[in-house]
Amino acid sequence: MLDRIIRFSLQNKLIVLLGAAILLFAGVYVARDMDVDVFPDLTAPTVVVMTDAHGMAAEEVERLVTFPIETAVNGASDVRRVRSKSSQGFSFVWIEFDWGTDVFRARQIVSEKLVGLAGQMPVGVGQPIMAPQSSVMGEVMFIGMQADSTSMMDLRTMADWNVKPVLLATGGVSQVTIIGGDYKQYQVLANPRLMDYYGLSLDELTSACAGMSNNATGGVVRQYGNEYVVRGMARSDELEELGRSFIKQHNGQPVYVDDVAELKIGAAVKMGYASQNAKPAVILSVSKQPNTNTLELTRKISENLAALQNTLPLDVVLDTHIFRQADFIETAVHNVQDALLEGALFVIIILFLFLGSFRTTVISLLAIPLSLLGAVLVMKAWGLSINTMSLGGMAIAIGSLVDDAIIDVENVFKRLRQNQQLPQGERQQAWKVVYEASREIRSSIFNATLIIIVAFIPLFFLSGMEGRMLKPLGIAYIVSLFVSLIVAMTLTPLLCRLLLTSDKYLKKKSRENWLSRKMNLYYERSLLQAFRHKKLVLGSALALLVASVWLLSGMGRSFLPEFNEGALTITAVSEPGISLDESNQLGRLIEAQLLSVPEVISTARRTGRGELDEHSQATNSAELEVRFSLKDRPAEAFKAEVREKLKRIPGIAATVGQPIGHRIDHILSGTRANIAIKLFGPELTDLYRIGRQIQHEIADVDGLVDVNVEQQVEVPQIQIRARRSMLAHYGISIEEFNHFVEQAIGGEKLGDIYEGQRRFDLFLRFQPEFTTTIDGIRTALIDTRQGGKVPLEEVADIISAAGPNGISRENVQRKIVVSANVSGRDLRGAVNDIQQIINEHVTLPEGYRVEYGGQFESEARASRTLALTTALAILIIFLLLYQEFKNLKLAGIILLNLPMAMIGGVVAVWLTSGIISIPAIIGFITLFGIATRNGILLVSRFQQMEEQGLKLGDILIRGSVDRLNPILMTALTAALALVPLAMNGDAPGNEIQSPMAKVILGGLLSSTLLNIYLVPVAYQLLHRFGLLKQRENEETTI
């Protein structure tokens, strides 16, 4: 079949050229419209269920709200993990589905389960709602709002009603979460003493206030041929009018709302603060819809906000550079594109040096754009985006893309020169020479390329986030390589026929270029020496292999290299029970310390949480985005100073990460750190005690930083414990008692007040003197069944107590997490030390257990998968080699390339990071496929020459020299094309590809230099010991 493809291409040049042109133009057209993102979508299909349990303590939220939701969704179709967080007044449940589950199907499953909960929620608890479809990786931008003279209430109102609608109207935005400023609220602050004086119950006041914000409809009146809509106009947004709302008569006099209550426009109870550069601000977090082009969305948002800026007060500033995922994407994609171009330049130089011909160089180079654009077309058809992974796959492949074409062009050009040197009568037609030359090496090249593709099989067995991240790299690599094979079988032979067959050109290029002649000469001499010193050659190779295995055994292991994003994400947690205001003050101190670091450009902080924010943050938790620019010191030194500055602030536990890396950790374990030690058990106090013990025991482990235990502890509470006998005495039911506490002390929304298109809550509660202190709460008056009032302390014990601030669960079990980051050390070594310490020094009570999550869990899973599937891939490679040569010994000779390649790969890792990461492992897998090509070229040439009846000595010398040029060209183009990636591993976007490039680069150099000697020596030895069939009278010595 391969022969027919080559013949067809040579005889149908118009079809082939037209096909190449169509591929070129279609690829360029599609590439311009491809979605661009930093990574593929890494988030497992997840549905977030949020429930507002206003006023409930964490225990009640867990028992009455979270547990029923967990029970409903746990065990549903394709659900793999259910996590939850119960805190004061809120329940968050994260339902994670199996990878590959359609997210809309997942939402439908959860929606059906929630329907079954209708009516089961406690009185006063809102119905569970699903958060808009997004993910932590979908946060594309943070927008800051600050002003010099505009009040924080007006600034927040602008954010809610001017900025947020513009953002949501931008196509591709799924959610906008706001934090900071003063949330405007119309407040009715009732005085229970005045209510008692006027004989007014809380229900009567509630009823009167609820009617303030309503209009009525009177239907339609038809008169004089017209139709009139009848409206009852009672709604008002004027405080004075609202205050004159009638409640009842007392002693013949009307009682109005403002007789018993203060009406004011005030700030709602704060859930969170925001600041920029230690100054108050409002921050908006923008999340995108799935499969939305981040760069395009960011551009549209920036344009819309620029237009909106002109409508805002002059002192209001919109800052869109707090965090922009697009910045990292643009930098990363630009860096990978630069690596592609620089790699291509290396390829051009190598080709021209070896081939010495502009025409042959151009023919070989055409495989690069056609192969890359072919890969783009396939990726578009499969719904994939252009990201650092897919571009990285192309960058790693770029040197290999010309290999098939190089070997074809080199062999064709050599045969054409040889044909040209024959007498006129013995020369073949040029197209036949091209056909025979292409046909001569086509089978071996096809199998070599197929082996490289097979070597990538293990990558597609990866599951979880690592599979989602790395599969696009494999797809881009394999598809582009396969397209290059098609180009080499079709376009390359045709262009050789069109550009290389003229007599004038062949006479001009009748001799090999000087570099090839010199290298062939030196190689022949050194090869003769290798045959004379076989033991030295074999012993040296074995010694290098043993040394590399020894080096490998001492290397550390990690999941992914650290990203270089030019920004930090810092989580700072203060003592539980601290007030939001105190937490905000600590946040300002943190920002001041960070701004004193020279490299820091700006800071943005969010303390607490925003309304409708699916990320549960306690009041004692702050998250900061820190932009920096490195100057005269490395990143590790900068981060060390940041951590030192944070240690100066008493009472906080800080975790330092980077925006995208931080979010990857959250996806892996729900914890924003490299390592998550999950402790499961029934009692919160025991969980926290054991967690603190683990934190203390592992604090001194080498390389561990940011060691923190989740702050699930008891915090101060004011408990109002009903005395049932006294409630019965005054005729107050438990339901009425609970409702009073929720409404009078906690407050209740009664309706909405409209200001044009804007809508604000109308909120009722007792005045602060009755709600903000224990003594005040004791004097609050509760209605009795007889129409009177009694102090709350008459029917309840009001005491200061303690209760949990929050309760985390996973798969319906309580848990607490001890988290840590790793710096300056490998991940697996750190986790091994942690496990040993916990096993030796921490005794777990019955019913308690420990699990290890985060990057370590993913690294261990990926390593096991790659080890098993790599063994399978090597077996398949061996079978393909046997199929090609029909000889087990020859297949074994070629497989000698694998350990020889490993030598260079291991040395490359040892000289750089000294850590084997998942990308480095994939680099070894890729290397094993590429490295077999050299052995195939040599052995197939030896076999061809044996079939011609040549002596073994001539076969080994001439055959090896004959294949030196294509071997060196393919190895050097594949290796040197990776130099930009290998040398610029710290550049954003290159972090994952760089370890792969280093391994492949080092491995190709070692396998090439060793195997151009080792394979001929091994081939001769097999003949000498009779393991390969010999002809009669054949010389076996050299």
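Quick reminder: no glycine exception, Cβ is built from N, Cα and C everywhere.
Automatic prediction, not curation, is the source of TrEMBL annotations.
Residues 361, 364-365, 368, 391, 394-395, 398-399, 402, 406, 409-410, 413, 513, 515-516, 965, 968-969, 972-973, 976-981, 984, 990, 993 of the same chain lie 6 or more positions beyond the ends of the transmembrane segment (339-355) yet place their CB under 8 Å from a CB of it. The transmembrane segment feature in TrEMBL is assigned to 339-355 (among others).
Under the heading transmembrane segment, TrEMBL lists 362-382 (among others).
Marked as transmembrane segment by TrEMBL: 445-463 (among others).
Taken from TrEMBL, the feature transmembrane segment covers 475-500 (among others).
Positions annotated as transmembrane segment by TrEMBL: 536-555 (among others). Residues 530, 826, 899-900, 902-903, 906-907, 909-910, 914-916, 1006, 1010, 1013-1014, 1017 of the same chain lie 6 or more positions beyond the ends of the transmembrane segment (536-555) yet place their CB under 8 Å from a CB of it.
Here TrEMBL flags 865-882 (among others) as transmembrane segment.
The transmembrane segment annotation in TrEMBL covers 894-912 (among others).
Residues annotated as transmembrane segment in TrEMBL: 918-939 (among others).
According to TrEMBL, the feature transmembrane segment maps to 960-979 (among others).
Sequence annotations record features per position, and here TrEMBL assigns transmembrane segment to 999-1022 (among others).
Sequence-distant residue pairs (6 or more apart) of the transmembrane segment (999-1022) and the transmembrane segment (894-912) include at least 3 whose Cβ atoms are under 8 Å, placing the two stretches in contact. Here the transmembrane segment (475-500) has long-range neighbours at 2, 5-6, 9-10, 13, 16-17, 19-20, 359-360, 362-364, 366-367, 370-372, 374-375, 378-379, 382, 384, 389-394, 396-397, 400-405, 407-409, 412-413, 416, 430-431, 434-435, 438, 442, 445-446, 449, 452-453, 456, 506, 926, meaning same-chain residues at least 6 beyond its ends whose C-beta is under 8 angstroms from one of its own. Same-chain residues lying 6 or more positions outside the transmembrane segment (362-382) and placing a CB less than 8 Å from one of its CB atoms are 20, 23-24, 26-28, 30-31, 34, 344, 347-348, 351, 355, 390, 394, 397-398, 401-402, 404-406, 409, 472, 475-476, 479-481, 483-484, 486-488, 491-492, 495-496, 499-500.
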